[in-house]
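Structure first, then comments.
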Amino acid sequence: MECCRRATPGAPLLFLAFLLLSSRTARSEEDRDGLWDAWGPWSECSRTCGGGASYSLRRCLSSKSCEGRNIRYRTCSNVDCPPEAGDFRAQQCSAHNDVKHHGQFYEWLPVSNDPDNPCSLKCQAKGTALVVELAPKVLDGTRCYTESLDMCISGLCQIVGCDHQLGSTVKEDNCGVCNGDGSSCRLVRGQYKSQLSATKLDDTVVAIPYGSRHVRLVLKGPDHLYLETKTLQGAKGENSLSSTGTFLVDNSSVDFQKFPDKEILRMAGPLTADFIVKCTVTCGQGLRYRVVLCIDHRGMHTGGCSPKTKPHIKEECVIPTPCYKPKEKLPVEAKLPWYKQAQELEEGAAVSEEPSFIPEAWSACTVTCGMGTQVRIVRCQVLLSFSQSVADLPVDECEGPKPASQRACYAGPCNGEVPEFNPEETGGFFGDLQDFDELYDWEYEGFTKCSESCGGGVQEAVVSCLNKQTREPADENLCVASRRPPQLLKSCSLDPCPARWEIGKWSPCSLTCGVGLQTRDVFCSHLLSREMNETVILADELCRQPKPSTVQACNRFNCPPAWYPAQWQLCSRTCGGGIQKREVLCKQRMADGSFLELPETFCSASKPVSQQACKKDDCPSEWLLSDWTECSTSCGEGTQTRSAICRKVLKTGVSAIVNSSLCPPLPFSSSIRPCMLATCARPGRPSTKHSPHIAAARKVYIQTRRQRKLHFVVGGFAYLLPKTAVVLRCPTRRFRKPLITWEKDGQHLISSAHVTVAPFGYLKIHRLKPSDAGIYTCSAGPAREQFVIKLIGGNRKLVGRPLSLRSEEDALAVRKANPKEALQTHKHQNGIFSNGSKAEKRGITADPGSRYDDLVSRLLEQGGWPGELLASWEVQDSTERNTSSEEDQNAEQALLHLPFTMVTEQKRLDDILRNLSQQPEELRDVYSKHLVAQLAQEIFRSHLEHQDVLLKPSERRTPPVAIPPHKHVSGFSSSLRTSSSGEAAGGSRRPHRKPTILRKISAAQQLSASEVVTHLGQTVALASGTLSVLLHCEAIGNPRPTISWARNGEEVQFSDRILLQPDDSLQILAPVEADVGFYTCNATNALGYDSVSIAVTLAGKPLVKTSRVTVINTEEPAITVDVGSTIKTVRGVNVTINCQVAGVPEAEVTWFRNKSKLGSPHHLHEGSLLLADVSSSDQGLYSCRAANLHGELTENSQLLILDPPQVPTQLEDIRALLSATGPNLPSVLTSPLGTHLVLDPGNSALLGCPIKGHPTPNITWFHGGQPVASVTGLTHHILAAGQILQVANLSGGSQGEFSCLAQNEAGTLVQKASLVIQDYWWSVDRLATCSASCGNRGVQQPRLRCLLNSTEVSPAHCAGKVRPAVQPIACNRRDCPSRWMVTSWSACTRSCGGGVQTRRVTCQKLKASGISTPVSNDMCTQLAKRPVDTQACNQQLCVEWAFSSWGQCNGPCIGPRLAVQHRQVFCQTRDGITLPSEQCSALPRPVSTQNCWSEACSVHWRVSLWTLCTATCGNYGFQSRRVECVHARTNKAVPEHLCSWGPRPANWQRCNITPCENMECRDTTRYCEKVKQLKLCQLSQFKSRCCGTCGKA
């Protein structure tokens, strides 16, 4: 490898001499003669870069001809063109790409270096062998040859020197200096052996600095070369060289030749960047490369590509070929006969510019007779052309086999006889020569050091050429090369490498500002086998060093203000085009991650839209129905119709009428229905006979026992139990049954899943529910009949007690299906019977549907209707009742005497009502009881008679009435008892039962009554005239229940105004407003209790039953409370809040949550609110509002969701709290199962109690089961609201179990942690070995060990403990045998270059007394060899760094006014002998380069205006401008490389890239100026393409 490098540049190059000198306008001899005029101005340069030509003209003033030329030329624009500009000759060829040649378009490439006519434009068609001369001469300024500055002017090749002057013969020397002498640079030569290994996949051969020239590098062997470059601006590049060719690398031309056994690299220079030459392997593991070139649209190699987007050119690879040398099997050359060999003529080899072997003459034979040897010196040499001197090179630089440097010789016979030549005897000489060869042979001598310290490396056997007799190493040329043994490798350091952290790259920051996060992969691994590249991932604990962090904050600075849009709200419509809105705020994300809201003026960007269209879909088609038309007839049967149109709301929001096929099928009944008017009268006949008639039955039905289905005929009243199926018939005459219509409460009825309207005149209701109560009307033309259905246990004015759970479900279903109907149907559970009107006083109710309600209620009471039995029916099905308790079976038995359905005539009830209305008011109650009892007996007797008719005589009951005597069923039942003695007898046998309060339904008391008497379950409305209120409470049970009264949940305080009567009734005299409220009668015995409430209101104002208690529930799955209570419960519980209200008229209940009205999804039933499976989202204030005509009242209940204490899933918060509390203190977290921490005595520790819950749990700390505050001797602090316990100055008494008890209203949680105190102490053990074997200094020290639980640990742990006093014990106190005693070496006589140091050696004997006495040397010699007393020292050469003075400050410019200066630094001896630099490597090396201020670098780029575009349209127009490097002070041009520290402005660009219109005469190609200069406008093919330019010509 060789390269020529500018080390200390001499005078700067002479650039652009014509710019530095003034124009020469001196007259020639002809001028002085007056024949010629003065020279004119210089023309514009033919090129803008790369060297062009300019001319100047003069005219002849004489009428005669003038001698000399009228034109002169000079060079100009001598600055390098940018890489993207391309070759000037290639541009001229490409100008013909748009012109057909023999009827065909070609892409023309230049043909350069034509020896016959270098200035003609010869071009070759791309991809063919066609070469054509497209123009007789090239444009002025075109180079004649590619490697020369000579240029073509007017078709002739003119000589141009390196000073860029025409006619100049000045040339550059080898250093690149124009007209230089080669002394400004030095020749660098060397050889290098590649050091490739398993871990070193590539190897740097040489770094060649910027500005070097004439580089030649030869790589031998199978390795590959590649280049890395670095420009002055710091830009780096990589280039792989894999095929022969010339390449442009960072604007430097590289010539590369690849041969099977070597690669040659040449670079003429000067290099435009630092080049680092590397090589990589062709066997085993290494790197592979690919060529990545920057090419233009024509596929030509060019510059200008962005280095940032360049693809990678190298990657690791494994080549299956193993790295070893095959044993050579070359044929052995035949040996010449000795005499011919002796007389062989040596041809002298001449030294050339290519490295070659130059042998010197052979030496004389080593013997004067017989066989001897001759030697000679063989050098690798090269001729340096610029100095015409010969330089020695390393042997590797020369190609081909090296000539032999030693051979055998024969000096004739030793006895003076001349033997005859016998060809057969030549074998003897030949054998001698073979013996000579056998004297030297190859042998293995050990191995090299292992290439790796772990994970598997290799050792290579060292092969040496040895003299077999002396075993001394010999020159390798003396051994036969073909016998060299193959490379021998062996594995070594096979143990796996220790674990280490493998760290990945940081990920991109999650945010560009406002504190983001970066993560990276960090894992513990170790290398098992380097050969297999096998790595194993290990647990983090196996890596000893601390684990590098895997996350870090990044971009921690405030963001600029920006718009932050919120989520879009729901669309205003579900289809047909709506709008949706969102909030858009101007915010700034701060460096701590928080947001700061700012005024909108702070956000500079355009604000995002806050409103947009949505649901831009067409709505599904639907029918739009008109009103019914009038009946088609004026009398009799007719029809009504209505029209229907199919409508669709489009996505624009506009309604459109569409084809009816797009709407769902419309039932026939939806568009036509029958209508019936009065029957048409026939002439001469009355019409009444033939009018429709309904055969009604005027009866009252009261269902007493469960039946699956009941059949009725219209015209009556039915009081029925829930879940009964009802079939209602409407028998008609003179009317078609399919035309019968049904209504309920005035609303037309149609069939549904629950109600079937049959076409044969009947109606079926499946499983009655409260919403089915009402007035059903059957219409047959003008004839109409009604049927009233009331529910017993329902709430349609006839309710005995609250609805069952199942009825609540039914009511809920009704409410979901039709909230409006539910609102009308369900007001209260308490029936309100008002007797304020005169009609009602007479016993006739104003509402015809309710006129029998009071009588039916009394009849049910008379009949012994037990409320609790109804409740059990409501809850249980028949199968459940079969397995119910004995008490329920007895209750069922008590009803066997009742009919399934009691039936009576309406007329009979009307008579009773009329009879009652005629009685005085004070007797009316007594009469009503009597009349109702009489009615009950009639109904019951007719029922029994009917039963007896059906039964056989043997089955008939002997006592006609069989009533269980223990069942108390009020007046009617007692009138049927056989005797009072029977009751007494039965009473003693009655079983025990829990209390039951009898619910007696009667009309509510009159507002103006002076004395109000009422039973429980009703509402009393006080008026100003009310003087007394008597509240009855009748209860049954065994033992007899105790009655107590409460108002609004608090016990009633009796006084002279509030009295408890002997029959347990409560009487309130002269009631006042303070007496308003809910009065509850509580009946209690040993088996249980029962309670019923009655409301007392003022003037009918709403009243709400409240409770002022706090209910805490942690276990029950469901709880029920009255409104007004505070509920604290755990999650998942069903919570029912009762809102029992009263008022006249009925008060309507509305529920609110946090003052917002609750909608239909919530379970609202009979004023109660059911919250199922409550969670934290249900928490809040629930309000019940009761309102009627007289006012409204609101009561509130607070629902709080409790979370029992539990361990949080995320523990980062408390760990951060522990770290902040005591950063350096040991800490431990408690847990339910327990944790432990081992500590030293006297240390402090932090215990954390991780807990969460609602409300926040209180934390109490315990030690050994005692609160820490009561433990003596324990120094502690409770921190962070109890979450952290700090225990200080720990001792043995402090260890043990610590626990934290967390508790709140929802529960408790105990977590534990144990502290273990470990103590260290000193232990005195057995004696250590004696310190001496003889003499007087031998002692044995008792061994002192630091122990922890009998285990030896580092003594550092016992540093704070008192160390026991130990005394050494004398030992081995006896005379020593004689021995040599030496002093220390003296100082070396010289510091370098070889010195001597001495010491004194004596034979001594040490006595037991400690005295050492000299003895005879013989006594020591018998025991040991005498030590040396003199030795050599400091053998190394005396070396030092030497350096030259700093060179001139004219190195490459690296910045404004900043250049580089150099000096030579070399290693030498103190005598001045130069040594390799490695000899001085131990000494600090002085610097060889430094920056310096240079006026020559006070430069900058200067650009001129752009030239006119080469085309006015099309795609090929370009324009250029002059770009010069000029001096800042003189403003004159200087060499461009001085400005290379800054980017060079572009001097070429495209322009006028617009389509051409053929309407006018315009140029359509970019080369028309060249066409005009080449005078090609006469040719038609050019004239049409360059119409504008050629037209001007």
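Every residue number used here counts from 1 along the chain in the order it is shown.
Using the three backbone atoms N, Cα and C, a Cβ is placed for every residue, glycine included.
For 838-847, the entry in TrEMBL reads compositional bias 'Basic and acidic residues'.
Annotation source TrEMBL lists compositional bias 'Low complexity' at 970-988.
Look at TrEMBL and you will find C45-C76 (among others) tagged as disulfide bond. Its Cβ placed at the centre, C45 (disulfide bond) has 20 other Cβ atoms within 10 Å.
Per TrEMBL, the feature disulfide bond maps to C49-C81 (among others).
Marked as disulfide bond by TrEMBL: C60-C66 (among others).
Taken from TrEMBL, the feature domain 'Ig-like' covers 692-780 (among others). In this model, the domain 'Ig-like' (692-780) carries an average pLDDT of 89.
Residues or ranges marked as domain 'Ig-like' by TrEMBL: 995-1097 (among others).
What TrEMBL lists as domain 'Ig-like' is 1117-1200 (among others).
The domain 'Ig-like' annotation in TrEMBL covers 1226-1316 (among others). Per DSSP, the secondary structure of the domain 'Ig-like' (1226-1316) breaks down as 9 helix, 53 strand, 29 coil.
If one looks beyond the domain 'PLAC' (1557-1593) by at least 6 residues along the same chain, the residues whose Cβ comes under 8 Å of a Cβ in the stretch are 91-92, 94-96, 98-100, 121, 135, 137, 139, 1510-1514, 1516-1518. As annotated by TrEMBL, domain 'PLAC' applies to 1557-1593.
Summarising the annotation, TrEMBL assigns region 'Disordered' to 820-847 (among others).
Here TrEMBL flags 956-995 (among others) as region 'Disordered'.
TrEMBL lists 1-28 with the feature signal peptide.
A 10 Å radius around the C-alpha of C76 (disulfide bond) takes in these disulfide-bonded residues out of C49, C60, C66, in sequence order: C49. Comparing local CB density within 10 A for the disulfide-bonded residues C66, C76, C81, the maximum falls on C76.
Comparing 692-780, 995-1097, 1117-1200 for CB pairs under 8 angstroms to the domain 'Ig-like' (1226-1316), the maximum falls on 1117-1200.
Helix, strand and coil counts under DSSP for the domain 'Ig-like' (1117-1200) come to 3 helix, 51 strand, 30 coil. Residues in the domain 'Ig-like' (692-780) partition by DSSP class (helix H, G, I; strand E, B; coil) as 6 helix, 43 strand, 40 coil.
Listed in sequence order, L35, W36, D37, C66, N70 are the same-chain residues at least 6 apart in sequence whose CB falls under 8 Å from the CB of C60 (disulfide bond).
Per-class residue totals from DSSP over the domain 'Ig-like' (995-1097), listed helix then strand then coil: 3 helix, 53 strand, 47 coil.
The Cβ of C49 (disulfide bond) lies under 8 Å from the Cβ of S77, V79, D80, C81, P82, A85, S1520, V1523, N1547, each of which sits 6+ residues away along the same chain.
Shown for the domain 'PLAC' (1557-1593): DSSP residue counts in helix, strand and coil, namely 18 helix, 2 strand, 17 coil.
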